[in-house]
Structure formats: structure tokens, C-alpha cells
2 protein chains.
Amino acid sequence: MTMLDRAQCAALDAKDPLAFARARFDVPEGLVYLDGNSLGALPRATADHLSAVVRNQWGQDLITGWNKHGWVDLPRRLGAKIARLTGADQDEVVVCDSTSLNVFKLLSAALALQPGRRVILSDTGNFPTDLYMAQGLADLLGRDHRLELVTPEAVAGRIGPDVAVVMLTEIDYRTGRRHDMAAINRLAKAAGVLTLWDLAHSAGALPVDLNGTGADFAIGCGYKYLNGGPGAPAFLFVAKRWLNETRQPLFGWFGHAAPFAFETAYQPKAGIDRFLVGTPPVLSMAALECGLATFDDIDLIEIRRKSLALGDLMIRLVAQECAGAGLTLASPTDGGQRGSQVSYAHDCGYAVMQALIARGVIGDFRAPNLMRFGFTPLYVRYQDIWEAVAILKAVLAGAEWRRPEFSQRAAVT
Amino acid sequence: MTMLDRAQCAALDAKDPLAFARARFDVPEGLVYLDGNSLGALPRATADHLSAVVRNQWGQDLITGWNKHGWVDLPRRLGAKIARLTGADQDEVVVCDSTSLNVFKLLSAALALQPGRRVILSDTGNFPTDLYMAQGLADLLGRDHRLELVTPEAVAGRIGPDVAVVMLTEIDYRTGRRHDMAAINRLAKAAGVLTLWDLAHSAGALPVDLNGTGADFAIGCGYKYLNGGPGAPAFLFVAKRWLNETRQPLFGWFGHAAPFAFETAYQPKAGIDRFLVGTPPVLSMAALECGLATFDDIDLIEIRRKSLALGDLMIRLVAQECAGAGLTLASPTDGGQRGSQVSYAHDCGYAVMQALIARGVIGDFRAPNLMRFGFTPLYVRYQDIWEAVAILKAVLAGAEWRRPEFSQRAAVT
């Protein structure tokens, strides 16, 4: 294979059909940001929009903003935008609460549909909060429900008649390994098992086809590839066939059939709104609205094509530049098996990542030894990958990552 | 009683020791805003602070903002500010999620502490979402727990050995009637009953003494008197004696003992942090931080004094100006029995309120027939009360409220 150089990477940017989209973001000059899978970059429109919502809508119109500015419709309006990104219909998605809470709601709904089955099946690579929520729910129910974890490869073989629901994150947050959503959904359906997909590392990063693959339930995150800002609200999907069949146990007034009738007995609203609980967080939702607008007129096929090209480039450049430097690729080399990130194991991964960050290459670290690099095709350039690998090479060749301050763990890593 | 006039109201403002605090808010010129009990007005500092958080913290520092700007500490930092307003210790309060979700967490925690008891006691005047959450939890547990509602006056007499927890909103959202928190807590303690107080219309409106009165659990709202903006995060309080005794079933990663160890088994963090669930909504929290800052150097005794004076003035002026116009006072005349609002029943209350709003007097309506007027002592002036009553008098005397558009219900009323 021929050697690649910086000029060739620049040439890839010059012909990138998504290059224009970087102008939709304020990415700091000089920074190589490869952590959009943890917190998306700031869309250029967000600050002004949020300021207008605060000063004009809240400040001037106060309580009347709920109707006048459609605050009350935000959960559905944003849900409809996410529906396009995830292969859902507009009335199947709503934005609300956190991914953790949405796991609880949909897992409760799924278990209620499966009275004779006790197993919540997931894999050991799933994101911990999903597993914790399942444990909390099982404890609370106290009816012998149990969370069973198998390796990602063993999930398909474990789907069977005692399983109520299989709950998986499509893209593994550590390695980027991708589950075959269509295959799992097919197996599950044949076995009478419901599916609950966590799209935290999928929505906005690659085309998702919830309805086309027959998914039952899904949840996802607003602050990663959807660029909604730190702690942005999450979303949830319920397939139409279940919408009015299911209930979730968090009976809040925004899920009530007539919230402003102030009745004492709960009656769920028809459709997806019954999955709402409390008052929608308008300011956070306004920021997420700008995050979602960064996808306007963008073809997800283009996103996926560039995402894989960025990942392939990273893998090739690391092999070319950093051979023998102690890095082990932890992600699938086959793009079809991979999400929008590439991870490397390194014995001192935490310290190396801190040294990279100090040099302006932002990735992150996941225990026990993984350095993650995420690719957001809307704003990451091919040159950024060159730059990241050049700095990674320099860091690994030098001694700076051995400095004591780089091995001290911060609160959030 | 002598007649009051506008000049006398202006004189009350001139000697108001809290008059300076109005400059902490952007209240639109010409508006009489008496709905801070539904959505607090915009603090003057919020827009700039939020803009700085968005542009500088998120935009420039991206993922590193979690540590660099202390985002990870927001739930506790804001909780500590609310502790001062509610008679709690700093390590007993945390800001998170919505009031509805916090009811679910604390009610679950309370029921788990009371294995032999099945009754959740509340009153018919409680805010519906609290009742709904209790119903949802009881349904989910399926162990004969039941929500029992009695009239507010009958609560004290119903506290007994079959009651697990008494869940009450201190200030009735419709009438402003105030429960005697100290007396209820005393009775409950004697009967082995736990208490869960909803402070939605209390926190920031009057001094609350959670620890002084022996409360066990409490929740409250960020977007009413605390001025956090539409849909602001809520808070919860757990008395120190229960902090490490209790668990709540929404096991989220932010409540985990080591969230960034990414373990597969849930282990609750020590203390109040175990009541956190998902990733904190940083932007909404930043706005709430400004809302809470409007209380800096403010004495809650002064707030209460002015709140009652505003309410007494409203009652006196309505009696003086609007006698015979079909209004019936629905709030206690005795200030000690009342929160920071005054409500009137009127057969066409909804339409009359819409006509008032069209004239720039913002209160709100609660079914079946109540017009609510809330008093936020930090920005409401005595002159505003004069103005509101003068316009109310004019509206009631005229025919404009009979216009068809004023009787059409909006989505949010």
C-alpha cells in the first residue's frame, strides 16, 4: 500500500461533498475534535437562537410562551426531526428526559407486554447506565425478572422463549463494534422477543432503519452526534403497533390525556405523548433544535460514507505512522461492522490521551485501556485525521505522556 | 376601613426594603406579571450567562467543560443554594430531573423503608402529577399499595399505622391554602409515617424549615419562584438520617459510586448523589443557577412579609373595587394559612383571565373556575396590585371578556 501524506488528506477534503457542513459549527481554530461521540460541537446557530428564546420568548412573553412559541410542541417537533434520522415515522418519536429514564420507561412497557417471560437480555458491552436501569427495574418489580448478560457475539444464540426483551446498544461505546440490527430484530420477532435499541452512538452517525428492520422500541442521546449540548434531552421511539397497547409507569402530567383538566386520576394520552412525564425543559430543547437543524438537507448516506472513510483513513495512518508504538486496534477494520469511531488499546491509554488533549487533539478514554476517536462527518475533516495521527505519533515517541499530571484521573474521563 | 388609592400603593413601594431586587429581573415594561407561581420572570443575568456557557464553555472547551467548568458539580452546587431556602443542609439537596420524576424516586425510597405499610396518603387538592406518579408506582409494584386521597382538612386525622407515607404539597396550587408542615410532620413521626413534601409553591416564596420541622423527603420546582426558566430542572431533599439508608429504583450512571469506571453492576454513590439518574442538563442548570442567584443576600423573612402584604392588599382592593362583580375569594384571608397567591372563583373565570391577559395583567386560570394571582416579592410591586385590580374592575364592568376568542381554551392554560 502506498504511503499517504498530508497533501493527499487535504485533497480528500477538497472533494468532500459534506465539506460545506463544517460552517454550521463553531469548531475552535487549531483544535482537532474527535469526541463528537461524547459531546457534539457547538452549532453556529445555537447561541443566538437560545438567546432569542431566553430574551424574547421567556423574557417578553413569559408564561404565554407555552402557546405563543409552541414550547408545548417541542417534544414532538424535535421527535419528528429525529424520526427522519432513524427510519421512524414522525408520530413514533418524542424528545424527553434522559436516555437512562427512557430505558426505564420502555423496558417497563416491554415487560408489561410479556407477562410470562422474565429475562432481559443484553450484552457485556452495553453502556452501563442501560444495564443499571434494567437492574433497578427488576429489583423494583421483585417478580424474578433478571438481567442476563452474554458477550455481544452470543446474543443471537441466546434469544429464546424465556426472553422478554433484548436490549442492545447498536454501536458499542468502547470499540465501535456494530450489532446487526436487522438480524437481531428478525430473530427476536421469530421468538416472540421484543427489541429495545440504544441509538446513542447511531442517531446522526449512520442511517438507522428502525421500521424497516422491525424494531419495537429505541432510545437515544441528544448530546452526541445530534449536537444538542451538554446533557441535552434524549429521545425515545415506540413502533406504531405498540403505541396505544403500551403504558409506562412514570405517570406524569405531560403524558396525561388532559393535563390541564387537572384530574386526580391518570389517563394516558393517545400515542407517543404518553411517554412524556414532567414539564419539558424548554431551554435545553431549544438548543437541541439547533443541533438537529445541522442535519437539514443532509443525506445520511453521505454521512455514513464519509464516516467510514474517516475511520479507514485513521486505521491506515496509524498503521503507517505508529507501528510498534504499543497501539492495538480495538475496532472492527470492516466498516460495515463499525460505527463512527475507532478505538485503540494502549497500556497507558489514559495518560497518552491526556497528553493528546494537551496538544489539542480531543478524543477520550474508556476503561480499562481504550483511547476513543470519534468522527462526526459534519465537521471533521480528513486533514484532522492526518493531524491527529501526526500528533499521536509524536506523543508516543516522546516522554511527555509520562508526566504525572497526565495520569491523574479527572472527575469525568 | 379607609379607602386605598394608587398613591398609597406607590408609597408602599417607596419604603419597600425589597424594592431593589426588581432590578435583578427583566420584567417587560407595562406588564403586571402575577404568574411567577407558574413561570418565574427572566433574571437579568441569565441571557448573558447562558450565552457564555454556550459560546465559551461548550463552544471552546467542548467535552473538557465537564471538569474545567464544573458541570459535573452543578446538581450539588445548585442543591446547596436551594438548601438555604428550604431549611436543609447542603448535602441533603440535589437538582435533577423533573418534580414528577423526583416524586417517583422519593416515594419509592419511602415505601421501601415501610415494608408492612400499604397506604400512600395525600389530599384531593394535591397537584395532579404527584398523584399520577404515585398511581404509576403503585401499579408497577402490584403489591396492594394504594393512593388514598382525603380532603386537606382530613389529612391529620387519617395519619395512622397503615400509612407508609403522607405526600402533600405545602401550598395548594389552586387556592394557596397552606398545610401546617410542622404539625403534620409531628403527627406522622408519632405514627411511624414518613413525609414527602412538594415545595413547588413554597421554595423561594416563603421560609421553609425542612429539618426544623422534621420532614423526611421533599421535592420542588425550579421554574416557579426559583426563576430557572421554562421547564427548569427540579430538586429533591432527603433528610440526612435516610441518606445512606435509602435507595431509589432509577439506577442511572450519575448515581453510581464510580460512574466512569463503567462497571456492569450498579452500586449507589454515598449520600444524596444516588438520587441522580442520567447526565445533568447543563444548559438548563446554568439558567437555574442565575434564577437562584436572584436570592443572594435576600432574607426570606422579608420575602414572606412582602408576599403577605401583597396578598392582603389584593384582597382588600378587590373587596373595595370589585364588590358585586361575581368574584368569590377562594384563598384564606389569614396570611398564616396562605402561600404567595390569591385566587378568586368566577363563573367565567377562564374568559375573564384571558381578557386580563390581553390587557397586560398576567395571572392564570385553574379548573374549574379559579383565577390565580401569584406574588413574587422580588419583582412584584404594590403598584402592580393596584393596577391589576383597576384593570380587573374595568374588565368585569365591561363586555370584552364575553368576546368569543377569550373563551377558547389554549393548549396550556
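From the backbone N, Cα and C atoms, a Cβ is placed for every residue, glycine too.
Sequence-distant contacts of A:Trp253 (pyridoxal 5'-phosphate binding site), defined as residues of its own chain at least six apart whose C-beta falls under 8 angstroms from its C-beta, comprise A:Pro259, A:Gly278, A:Thr279. As annotated by TrEMBL, pyridoxal 5'-phosphate binding site applies to A:Thr99, A:Ser100, A:Phe127, A:Pro128, A:Thr129, A:Asp130, A:Thr169, A:Asp198, A:His201, A:Tyr223, A:Trp253, A:Thr279.
Around A:Lys224 (N6-(pyridoxal phosphate)lysine), the C-beta neighbours below 8 angstroms that are at least 6 residues distant in the chain are A:Gly36, A:Asn37, A:Ser38, A:Leu39, A:Gly40, A:Ala200, A:His201, A:Ala203, A:Gly204, A:Ala205. Following the DSSP three-state reduction, the secondary structure of A:Lys224 (N6-(pyridoxal phosphate)lysine) is coil. The N6-(pyridoxal phosphate)lysine annotation in TrEMBL covers A:Lys224.
Taking every pair among A:Thr99, A:Ser100, A:Phe127, A:Pro128, A:Thr129, A:Asp130, A:Thr169, A:Asp198, A:His201, A:Tyr223, A:Trp253, A:Thr279, the residues recorded as binding pyridoxal 5'-phosphate, the greatest CA to CA distance is 31 Å. Neighbour counts were taken as the number of other C-beta atoms within 10 angstroms of each residue's C-beta; across the binding-site residues A:Thr99, A:Thr129, the minimum falls on A:Thr129. Around the Cβ of A:His201 (pyridoxal 5'-phosphate binding site), a 10 Å sphere holds 26 further Cβ atoms from the protein chains shown. Less than 8 angstroms from a Cβ of chain B: among the recorded positions A:Thr169, A:His201, A:Lys224, that describes none of them.
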